[in-house]
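Engineer: Right, I'll just put the structure down here and ask away after.
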């Protein structure tokens, strides 16, 4: 080989060839990725501008390189033969290698003509990578839950003033709604609230950190948003489930949040709140309950954007067992008013429903809210919750709302109830006149359906706009009566205990218990319809001591005493014995609250 050939086309070592080859591949891949991203519309204007500048730079470098090579050949051509005779070929080769190494490998950039066209397979991979990058960038817009971990003096004051107990004390309360680390699309909906309620402030940090929670708080404390905000936020970060439908049911794995409630009214109310909140991120909630046909509910479940289900245990289990409700991908489970559901005998249904969902090891987060913390609720929590944080607002014993003024009237004759009822209606409306802008709402409770019908007739005859809510009414009639009461078309509503718990009716100023309920728990929940969301209220209770009332007198007085209410002297004639709940196997127990000495055991010889 001549010296000219050696100079014109020097041989490169294997390492240098490999390095140049890798550099070219890297540049080509980088350029192709940027171009593909720009074509797909994923790249920003800055990336597109960078691609244009890079192309311009590549063309300029190519021209400079060619010009430099031409100049170098012209300069070296006269001395080629001399250099070949004076120096051995190996040294010349080495010298040329050294010259070529002066140009860094990293400057070897491919031109547009050198870039090979991407194959279909490469284009597919590139599109997939671009989509993943876009998803990552959109997910980055959702702030990760970063809740405070250190208790400050302000946190401790908040817990003490609201009588809150955290077991264990892992997460300080979140005192400002604006500090919520949630999807930015959800924040405007919450900005209309001034500050979180105590149960919300303590629940949100733990639930946003994906911990299981047991919340014990009075009715009307904002529990729906306490579990709803973290649940909807979690679903907004999960990808929607895609797939083919099974018959007339929904796409398998489509339902990701399930809320169980004890009554149709409470389920409907929670559904309305979650629907309004979920709309901000395109999530739809469906409410399922008995008393109406299943076909309409099954059609709603099959809609593409349905990812939240709120239902009563009976209908939920029915649809799950029939295969029309797939719960295999539920990642957020809520048991609302758990003690009420257990009291109503839904424990077996709840256990069977939970069996349709994934376990906590598969990532299911479980939330339980209750007004009390009895043994039955503790047992259920220990079975289905994973190391839960327990939040107690107030006492875990049965207690009434201290913001509600309690008035107890002991009546010798039950027939006096109608007269006293109309008296309190007239007195309350005189102080709080009804108007369209500020409607006055009065809730009257009866024990039985027939009594509710009679009271509705009595109140209407007295000249008041009144509606009713009881079990003999159709579901449509119940919805209409409830809506008329909420909007102020009817300012008096007569109800049985079917509406005593969980209903969020705004601004109920007065509750009248015409007949005392069968349990003190129901009494507390009846009264809880007023004095909600931090407001004050008033409850009037007629007590005759007949039938079941006498056995509940002791517990009733204990509840009144705990909230500092005045107990009429006429109550002294009733026994102070507190009857404990009846156990299925061991019957009822009694606790004597008097200071009388305990009986002495007598032994016979």
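Backbone N, Cα and C atoms are what each Cβ position is placed from, and that goes for glycine too.
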Engineer: Of the ranges 67-93, 121-147, 148-174, 175-201, which one does Swiss-Prot flag as motif 'Q motif'?
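Structural biologist: Based on what Swiss-Prot states, motif 'Q motif' spans 175-201.
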Engineer: Among 332-335, 336-339, 340-343, where does Swiss-Prot put the label motif 'DEAD box'?
Structural biologist: 336-339
Engineer: Let me know how many other Cβ atoms fall within 10 Å of the Cβ of residue 221 (ATP binding site).
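Structural biologist: By my count, 22.
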Engineer: Just to be sure I understand, if DSSP states are collapsed into helix, strand and coil, how many residues of the motif 'Q motif' (175-201) fall in each?
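Structural biologist: Per-class counts: 11 helix, 0 strand, 16 coil.
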Engineer: Below 8 Å Cβ to Cβ and six or more residues apart, same chain only. Which residues does that give for residue 223 (ATP binding site)?
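Structural biologist: Expected: 199, 215, 217, 336, 369.
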Engineer: Just checking, which of 218, 222 (binding-site residues) has the fewest C-beta atoms within 10 Å of its C-beta?
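Structural biologist: With the binding-site residues 218, 222, fewest surrounding Cβ atoms within 10 Å: 222.
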